[in-house]
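Novice: I am attaching a structure below and will ask some questions about it afterwards.
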Amino acid sequence: MTPKLALTDSAPHKLAVDALVIGVVQGESGLELGPGAEDVADAYDGDLLAVLASLGATGKSGEVVKLPGGKLRADLLVAVGLGGRGDSGAVPAEAIRRASGAVARSLAGVGHAATTLSATELSAAVQGTVMGAYKFTGYKSAAGDDPVGKVEFVVADDGADTARQALKGATAIGEAVNTARDLINTPPNDLFPAAFAERATELGRAAGLEVEVLDENALRKQGFGGILGVGSGSSRPPRLVRLRHRGGKSAAKVALVGKGITFDTGGISLKPAAGMDEMTSDMSGAAAVVATMVLATKLNYPLEIIATVPMAENMPSGTSYRPGDVLTMYGGTTVEVLNTDAEGRLILADAMVRACEDGPDYLVETSTLTGAQVVALGKRTPGVMGSEEFRDRVAQTSQAVGEGGWPMPLPEELLGELDSKLADLANVTGQRWGGMLAAGLFLQEFVADEVAWAHIDIAGPAYNSGSPWGYTPKGGTGVPVRTLAAVLADIADRG
Ligand code: BES
Ligand code: MN
Ligand code: ZN
């Protein structure tokens, strides 16, 4: 649950709170105060920076040091590291976002806090707080500490429209990220395709989206051979969910598509046991798209946005699809399945052809598509492919919001590797090289020529199997919700 959030223009050292948060910077000659922290340091009993340094504070990003409030009216003073200053000398927004997240996590159990991290970057401070306070506890018998109860953000003028808009917008974005995380973190026995479709329907209806769900019979009638093929091994049949936002006088039409494999065993091309549990996150793209659609109506983007979200469970069984099968995809393209573990591209191909029938100006698709993405870019950097201009725009936007998407090529020569001996295409190449790019090239075959498109591979970034850091908890991360939201806002702005 989101903490209560409010703005305040009171002097921070006069706030009677359980905890007061300031930032500290790794300066060139040692520890320095972060933006907005001067008044607090002046009001503190003694040389605050010296006290902090003696407690081991270095200003390193994410470091949290707690000390008694001294002469402040706060019981506790919390100093959080912001890392070094950027090239401009200012603390970057992402540093504020991460520090706010780390602090929010460390304030679990605290009732009332105030933060000065909002002095220069209110939106980032709010987003970081909302995302950092997140914890998925739905399956724990014993309740742990509650998230911090209330956070006040210190600003120059708490009545200013810009500040109030920033609080509202940033809270909505943080909550959308948390919605995606909830879906990802729900275990696969409870989030199978029909259950996922139901949750998407509930979320969509509550937000005011138009919702349409195709069940297995509708999918069969309409020829969604990719989704049906992948879903055929599971006792729990596939779904295709469509969500539509009509933003009044809309500047453009945008299609969103997200991979919704509720669990990926690999199918007959079975995955090894080690780490297979993490394939509960193979619907992270779908979760991000559903959460972004809810956000789009909440913030009423002046766009028409249609999400097409395929959901299936990839299981081995007597009814599974096999290596060697040929599937006829929605729209008629035939695909020879050489590896049932390359299932994401099969359900996505169906969904992307359907999405293009709506005649969108832009199509953004996101998926936990390839292990090759993790090999190439690591656990935190999404790979962005697609039409060159739009790909670069999406990658730049992703970097600007702190999700770090990076442009990747679609080298033509790799397409030949997807030739099939009996169908139009094979679902995998014969070798391991460039696996992320080959998957992107496969998807490209299913995008209508006139549509500017982007594919965001989030195989690594969608799920944090390590320790929490910044605003990123263990488990589902909610990447790339903030990229999608910012891309939509940018299209609404500039077309
Ligand atoms: N869901 C996986 C990709 C993945 C791997 C996501 C690791 C998150 C972490 C996808 O369906 C898959 O199995 N891809 C195969 C493709 C291969 C058979 C061409 C892969 O990457 O190994
Ligand atoms: Mn797979
Ligand atoms: Zn998969």
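Heads up, the Cβ atoms here are built off N, Cα and C, so glycines get one too.
A TrEMBL annotation is a machine prediction, not a hand-curated record.
Given the structure is predicted, the values throughout are model-derived calculations rather than measurements.
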Novice: Taking TrEMBL at its word that Lys259, Asp264, Glu343 bind Mn(2+) 2, choose the one of Asp277, Asp282, Asp350, Asp358 listed for that site.
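Specialist: For Mn(2+) 2, TrEMBL names Lys259, Asp264, Glu343; of Asp277, Asp282, Asp350, Asp358, the listed one is Asp282.
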Novice: What is the nearest of the recorded positions Asp282, Asp341, Glu343, Arg345 to Lys271 (active site), using the Cα of each?
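Specialist: Smallest Cα separation from Lys271 (active site) among Asp282, Asp341, Glu343, Arg345: Asp341.
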Novice: Taking the Cα atoms as reference points, how far is Asp341 (Mn(2+) 1 binding site) from Asp264 (Mn(2+) 2 binding site) in Å?
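Specialist: Per the Cα atoms, Asp341 (Mn(2+) 1 binding site) and Asp264 (Mn(2+) 2 binding site) stand 8 Å apart.
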Novice: Under 8 Å Cβ to Cβ from Asp264 (Mn(2+) 2 binding site), same chain, six or more residues apart: give me those in sequence order, or none if nothing qualifies.
Specialist: Lys271, Met279, Asp282, Asn314, Asp341, Glu343, Gly344
Novice: In sequence order, which same-chain residues at least six apart have a C-beta under 8 angstroms from Lys259 (Mn(2+) 2 binding site)?
Specialist: Asp282, Met283, Ser284, Gly285, Ala286, Pro310, Gly344, Ile347, Leu348, Thr366, Ser367, Thr368, Leu369
Novice: Any idea which of the active-site residues Lys271, Arg345 has the thinnest Cβ neighbourhood at 10 Å?
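Specialist: So among Lys271, Arg345, the active-site residues given, the one with the fewest Cβ atoms within 10 Å is Lys271.
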Novice: Look at each of the binding-site residues, Asp282, Asp341, Glu343, and point out the one with the fewest other Cβ atoms around it within 10 Å.
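Specialist: If we count Cβ atoms within 10 Å for the binding-site residues Asp282, Asp341, Glu343, the smallest count is at Asp341.
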